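Asks: Structure provided below as structure tokens; questions to follow.
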Amino acid sequence: MNATTYQHWQLEIDAEGIAWASFDKAGESTNSLSSAVMNELGQMLDRLDANPPRGLVFRSGKAAGFIAGADIQEFTRLDTPEKALELVTRGWNLFNRLAAVRYPTLALVRGHCLGGGLELALACRYLLAVDEPGTKMGLPEVMLGIFPGWGGMLRLPQRVGPQAALDMMLTGKSIDAQRAKRMGLADECVPPRVMESAAKILLLSNKPRRPLPFLQRLLNGPFKALVASAARKQVAKRARPEHYPAPYAIIDIWARHQGNALAAPALIDGIVRSSTARNLVRVFFMQERLKGFGKETSFQARRVHVVGAGVMGGDIAAWCALRGLTVTLQDQGMERIAPALERAYAAWGKRIRNKLQLRDVMDRLIPDPEGQGAAQADVVIEAIYENLEAKHTLLSKLEAVMKPDAVLATNTSSLKLEDLRTVLAKPARLVGIHFFNPVAKMPLVEVVSAAGGDPEMARRAAAFVKQIDRLPLPVRSAPGFLVNAVLGPYMLAAMRAVDEGIAPETVDEAMLAFGMPMGPIELVDMVGLDVAMAAGKELAGADVEPPRCLLERFNAGHLGKKTGRGFYDHASGSGGKGGGKGAGRARPGLRPEPFRPVWPSVCSSPCSNVYSNSSMRVLLRMPIWPTPG
Amino acid sequence: MAYQPVYIVDGARTPFLKARNAPGPFSASDLAVQSGRALLMRQSFAPTDLDEVILGCASPSPDEVNIARVVALRMGCGHKVPAWTVMRNCASGMQAIDSAIANLQAGRAQLVLAGGTDALSHAPLLYNKAMVLWFAGMMQARTLGQKIGMFARLRPSALLSPVIGIMKGLTDPMVGLLMGQTAENLAWKFAISRQQMDEFSVRSHHRVVEGRAAGHYGEIVPLVDAKGRVYTEDDGVRLDSSVQGLAKLKPFFDKKYGRVTPGNSSQITDGAAWLILASAAAVEKWKLQPLGMISDSQWAGLDPAQMGLGPVHAATPILQRHGWGLNDIDAWEINEAFAAQVLGCVAAWESDEYCREQLGLAAALGTLPTDRLNVDGGAIALGHPVGASGARIVLHLLHVLRANQSRRGIASICIGGGLGGAMLVETL
């Protein structure tokens, strides 16, 4: 065997003359395509040009993951149009070169293969997917406000047809190994035990790629314009071009420029250096920072006990079970717990195709009417109704049976930790772990500490949040914590505007035009008018007069989406806004200024400069763009 | 060597759900998992701290042949806790306990989860022999013509008369009798009337209803299915059971002329029951507070055609070893496979002839007081999920003893094929 070691790659030629290129990015736990990595890939191709192998296999040298994508750090340094153009050019040319080599090539994809990683795999003749839960393929560039400019827009539609390709590129969602095989993205899907052997056989098979079905070839050829127009209409329902140009650019580059972004240099600059992309990249790094808060202790939960099987408690429990924890779910009687189990069955049944995996998740979610699981739990979360007395009784009962070092948390959004913890023998241990509804779609979780709280318990709470794949945001105990303290005044101002005689549609339209993913009035309907009422009192104080429009509807029992009617009519099934089309136009005089910077007083972490349009989005994760997963 | 007692730390069971002519909502492993995980959840040790899991099951489904291992893994016992399935027909659950006892006594284990499960409503329908041969022919058919020829030979009568798996299971393979026919044998032998059987059955229902009201069924862990439906109680129990009502039922096993009806037989049911058994060392290590202990056990064989008398043959040696009469036992649980069979056991002990000839005693052992036998009812009302019943009666007996603050009891079960099993249970 003949091996050459690069900084990030290892190239071995085996006895059969097959070259194995193993990617193991130096100094990082995850493989990403930095410029140094791309340069070395070029050098490897030079070397193989001089002495062509029988075939070339790309694989990961890491224990987990193929290639996560481009190096996002490099995006932050694209301060001139030339640099952006250069970044796209380098990848486009290199992968075109790879696609044109005379010997067969194969990407052995095990683990995540995203963005530039999938573009590399697409440039190979064969794509072999390893059938493991971790294997995911996707082009998520759109979620960073950019596009897959290294050949993804060219090759993915050629491989799977334009509709499936646009779906992947415009939503950023990734697919698993079996699905990749079914849709023609992967040539084979094999278990890890035969992957090397399958790679060799496939590589030397000389097998031509399966041609696209005739219809798909038409759609990717003469009927491109039709597909593009349909896609643009779909996109328009979710995002406005002025706030979110990337999906429109993807459609245009595919339909008009054969997937080659270099043919439209103006688009490149408009996208790559747009404020949307810059902010989304910033959001990406902020998410990484939030994850960091979960890494400050080695605490790992195995068992979680949740009290309260209502919507929040039930969904928190179901989420924890989905993430591999054993969960006991307590409420007064099996009849109260059963609906939460039913919801979990239904939700995870849609999400998990494999019946055995679904069964395992549900086996981990244990109804516990007598609260017997609390004694063995590593994390106990109280999510009962917002009543101080009831919570006092519960918390002292829980503390009496819990392990001394277990995390005791409350999911309260309106009661103060300082008031709740008075009944505890060790008041310092109580933390807030505040989830948002719906739990499965809201990645942000506030980890609340009160003055004098045990910092280790806050660290453990954050580690637990990270463990269940949510983003822990440490905040101080203050009314509304961070998110609601920001949202509250915003929604209040919107409702005051309605009181002043502006139509709800107009208010919402103004904020949509500003760039919010959902109008504030529609948001009140989603959250529930009763919740808005209670939160308003908590945030503004009981003596502040609630908005008239809120009070009237609240008194009439129109509580929003859950009752079918609030500010909008939800019962009709049209999804909401009742008013005529004219009502939805923004009035020039209406300025989006309902924000008041209240948050610096509540945010205990240095990640406080999160006050921007896109930051609001990551906080709330109202789909900026179709949410992954 | 003296019998080294084994501690019963805790136990739980599912409600027993009557089979209603279609597969029930839970498989045998679902039943065992839902009750077992609830039991394990309340322990001071983790499921991974168990030394082994032993589960009795008379009819595991073909994809869960070692169902104990499936269940142990599903309950989170981890890869390293061994698990095995035992089968002794109606006493499979009791066999699991006895196997656990043996390993605890031998020092091979300190902490064992043992029990039984069966989902009889999921018992398979099998192809009959004619159909099996037809499939074999089909596999060999190569050409289209041959295949069409095979279809021409397909007989709808063969296709539409499957072998009912459960009927096979409930038929003795040696003497060819249905279990209910062995009960008819006992009724005939001891002159037990239809009236007596029906009265016994009504009492079983009533005792369950009273026991429920008195809170004697705390051992039950409710089940929840995928639709969020909750199952809290044994659903075969009839509040309105009456002798007049039962008198209307027709004999099922010896049609027309027999005495044994579905009403005075145990019900075909789905259910699971578990016990946690521990050595003295484990009790100390985990600071456990046992409910009681098992201080003797016995298996016995007898004529398969009279299998219902198994408890007589299994319990008598325990009494003899300790020098006790029937009266010295505070509470009895004799599994009610059939009313005729439990009444037959009582009659056998009262019979000089039977005790002399079959048990080698000088004379009749005596009378088993009715008020000490199955005080909270039995399988005629609750149902008999074959593999689970042996574990259920041991667990329930212990609860009866504790509720009455009494000392010792015997749980015994008759076993298809001509066997009996018995366990001596004591409070601490």
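Here, residue 1 is simply the first one shown, and the rest follow in order.
Glycine is no exception: its Cβ is also placed from the backbone N, Cα and C atoms.
Heads up, TrEMBL stuff is auto-annotated, nobody curated it.
Taken from TrEMBL, the feature active site, acyl-thioester intermediate covers B:CYS90. Marked as active site, proton acceptor by TrEMBL: B:HIS384, B:CYS414. According to TrEMBL, the domain 'Thiolase N-terminal' annotation covers B:6-280. The domain 'Thiolase C-terminal' annotation in TrEMBL covers B:289-426.
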Asks: Where the residue listed as 'active site, acyl-thioester intermediate' and B:CYS414 (active site, proton acceptor) are concerned, what is their Cα separation in Å, rounded?
Replies: 7
Asks: List the Cα distance (Å, whole number) between B:CYS414 (active site, proton acceptor) and B:HIS384 (active site, proton acceptor).
Replies: 12
Asks: List every residue in the same chain as B:HIS384 (active site, proton acceptor), at least 6 positions away in sequence, whose Cβ is under 8 Å from its Cβ.
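Replies: Result: B:CYS90, B:SER266, B:GLN267, B:ILE268, B:THR269, B:ASN335, B:GLU336, B:ALA337.
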Asks: Per DSSP, what is the helix/strand/coil residue tally across the domain 'Thiolase C-terminal' (B:289-426)?
Replies: 67 helix, 32 strand, 39 coil
Asks: Along the domain 'Thiolase N-terminal' (B:6-280), what average pLDDT does this model show?
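Replies: Taking every residue in the domain 'Thiolase N-terminal' (B:6-280) and averaging pLDDT yields 93.
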Asks: Ten-angstrom check, please: count other Cβ atoms within 10 Å of the Cβ of B:CYS414 (active site, proton acceptor), all chains counted.
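Replies: I count 35 other Cβ atoms within 10 Å of it.
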